2 protein chains.
Amino acid sequence: MNIDDAKRLDAADPLRSLRDLFTLPDGVTYLDGNSLGALPRATPERIRRAVEQEWGRDLIKSWNTAGWIDLPRRLGDRLAPWLGARPGEVLVADSTSINLYKVLHAALQLQQGKRRVVVSERSNFPTDNYIAQSVARAHGGELVLAERPEDIPPLLDERCAVLMLTHVNYRSGRMHDMGLLTRWAHQAGALAVWDLCHSAGAVPIDLLGAAADFAIGCGYKYLNGGPGAPAFVWMHPRHEGQVWQPLTGWMGHANPFDFDSDYQPAPGIQQYQCGTPAVLAATGLDTALDVFDAAQKLGGMKALRNKSLALTEAFIDSVEARVPGAVIATPRDAAMRGSQVSFSLPRGTDGYAVMQALIARGFIGDFRAGDPELLRFGFAPLYNGFADVVRAVDTLADIVATRSWDAPEFTSRSKVT
Amino acid sequence: MNIDDAKRLDAADPLRSLRDLFTLPDGVTYLDGNSLGALPRATPERIRRAVEQEWGRDLIKSWNTAGWIDLPRRLGDRLAPWLGARPGEVLVADSTSINLYKVLHAALQLQQGKRRVVVSERSNFPTDNYIAQSVARAHGGELVLAERPEDIPPLLDERCAVLMLTHVNYRSGRMHDMGLLTRWAHQAGALAVWDLCHSAGAVPIDLLGAAADFAIGCGYKYLNGGPGAPAFVWMHPRHEGQVWQPLTGWMGHANPFDFDSDYQPAPGIQQYQCGTPAVLAATGLDTALDVFDAAQKLGGMKALRNKSLALTEAFIDSVEARVPGAVIATPRDAAMRGSQVSFSLPRGTDGYAVMQALIARGFIGDFRAGDPELLRFGFAPLYNGFADVVRAVDTLADIVATRSWDAPEFTSRSKVT
């Protein structure tokens, strides 16, 4: 694909208008929406209103008049259809790590001490495995890690309480078959907890169709809620009223404003709220969901997924064709691919420095050290296009071919990569 | 005190200029800063910059360039002197309820199973007691509640692991003697956990001087961080490296960017971070702390406390003089008083309706049902003055004397009070 092909595809893209709903800096091609989503154009004004009018002018009244008190449920209802869930089943609150803690405790309680092992993958995002270690130990169990996806099924044995997986792997971009793995987990007597951090807003998700047990995920990646936007949590309705999650804050109480002495959990997903909603942070996510409403009118997740797969496929093809020695870590099989592409460069090419050189030329992706060292590029179908793909690979190929990455300003490491 | 006296006192107030650092709506006297602090004048512009420039323009780079990654520690350092703590000991993250969960687990671990009872008061804010019930049960213990403050000492027995108290009671405004109760707890072999939600920014706090063990508190009351601003957590340095708190997210890891398979806690308070910082919410608190920097130059907490006590004393005197049958629930003893005043009205006077009538006339306080039903008025020495006191009591006295509260628009209850 050359730039003329790409421009033709962009011009014909039925989702093209969505890009105008974002503010992206001039001269920047942003391919890191899998880490921090871009700024929706409407967000600054909406947050300004929340700050100046809801907080500054209406003050404490806004708990009622601006609906602050309902934000966790209202945002959950807006998000539900993008997760394959129903309104009333999703809550927006706290962080991914904290929500994972809640649902893992709940899942282990559901196993009533008969099973205590949490199974996951070593390649899972670290916070998931750290939280799972903590929760499994609290229940007298342990976290057992599969080295490769194909090592998961043998671990689904009579000790396995919970299969906890990230739907789309943050490094490789590989996507699990949620329906199949959930079925296998259930057949083995385990429950399935899904981390949707790299899925929500980017790939089709059908939690109810998969009959998954719990899910959590991030509000600031493909959902574009802003840095540190609250995360989400979902529980299958069949588990309602069975267990308590341990973060028993007043906002998860059945009657928070009765100020009872004893905790009594609210029915359903409301129990998974703990403290007061982070209003300003949630407001960013609320505005970002307007963009998804617009996307719904243009074909919804089906259209987003088609575009995402076309973008990532074009990127894989171009990198393989243009960058000698690049090894793609992301599956070519569309059914196994999220909305990002990761690859390593040949020994002797400093992936970190290549990414810094790319950034210096206006192309922002992400670099992760490890084995193999991976460059990662996220393609957000809401705002990325085919010209982004072509220009990024052109620039990457040039940087590698000319070794222009091999300069002190690119090779010296900063704190966060 | 009449309005002329009040105006003279306001004119002579050395902290008078601080009020101009807040945006308060015209025609409103805000006496509910104990629930949600007012909007600092600089906050909208600072949040706009965070949204448009840090997020929208600089995107993922802002983790480094805007210092997002350091926010929890940097804000903790700024807050530390107002808590009687040192820089490096305080972290700003998550909610009050979640931070309480962390420190209660840590405190019970420190007791190594030898003691499992958490002692608190029935009148504590519900979320504290709910969280304590959950944590105590997880350790095989229980929460035991004192009915009155004087019932606390007998509960500090050989079963007591932790004395958990809110420094200033949210309903009565009564302040505990932190040094004395911490000493009693320690003499009994218990640890002391302090909730500073209604203290931070309003009263002198000396955590190190009291040799307290842990403290947590809210960022959006007297600290003015905005609705749902992140909370804070402090641990005495003598407990460093002794225990793990259970919310073991990656940001509390010793080397979060090494992506180790196993969790290893960071040294000191950093372990109490869990997930990614809520950047936009934390930015509100960052800006609010500029106001405290300005207050520091005008006499600091000593000056704030003097003014706060003078305001609450004037309010108590005026209510007692002007509102027949009002019974003050807040101690007259300055050493036992926070920065709010609560009182009940005689049977037959609907406190809720009186508060609605006050709000309709521009005076915002808070009403809490219960026994007795209390009207609460917070006096934030950063932005409240003596004229606020006089006008509020004038209006209150008029509403009660004329029974103008007894109208359907005031007596019908809304969802959140």
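The backbone N, Cα and C atoms fix where each Cβ goes, and this holds for glycine too.
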Among A:Trp55, A:Trp250, A:Trp405, which residue does TrEMBL name as a further pyridoxal 5'-phosphate binder in the site formed by A:Thr96, A:Ser97, A:Phe125, A:Pro126, A:Thr127, A:Asp128, A:Thr166, A:Asp195, A:His198, A:Tyr220, A:Thr276?
A:Trp250
Could you tell me which of these binding-site residues, A:Phe125, A:Trp250, has the greatest number of Cβ atoms within 10 Å of its own Cβ?
A:Trp250
How big is the pyridoxal 5'-phosphate site in terms of the longest C-alpha to C-alpha distance among A:Thr96, A:Ser97, A:Phe125, A:Pro126, A:Thr127, A:Asp128, A:Thr166, A:Asp195, A:His198, A:Tyr220, A:Trp250, A:Thr276, in angstrom?
30
Neighbourhood of A:Lys221 (N6-(pyridoxal phosphate)lysine), C-beta criterion under 8 angstroms, separation at least six:
A:Gly33, A:Asn34, A:Ser35, A:Leu36, A:Gly37, A:Cys197, A:His198, A:Ala200, A:Gly201, A:Ala202, A:Gly378
To see if you understand the setup: which same-chain residues, six or more apart in sequence, place their Cβ under 8 Å from that of A:Thr166 (pyridoxal 5'-phosphate binding site)?
A:Glu121, A:Asn124, A:Phe125, A:Asp128, A:His176, A:Trp194, A:Asp195, A:Cys197, A:His198
Take the recorded positions A:Thr96, A:Thr127, A:His198, A:Lys221 and keep those with a Cβ under 8 Å from any chain B Cβ; what remains?
A:Thr96, A:Thr127
Using DSSP and three states only, what is A:Lys221 (N6-(pyridoxal phosphate)lysine)?
coil
For A:Thr166 (pyridoxal 5'-phosphate binding site), just give me the three-state DSSP call.
strand
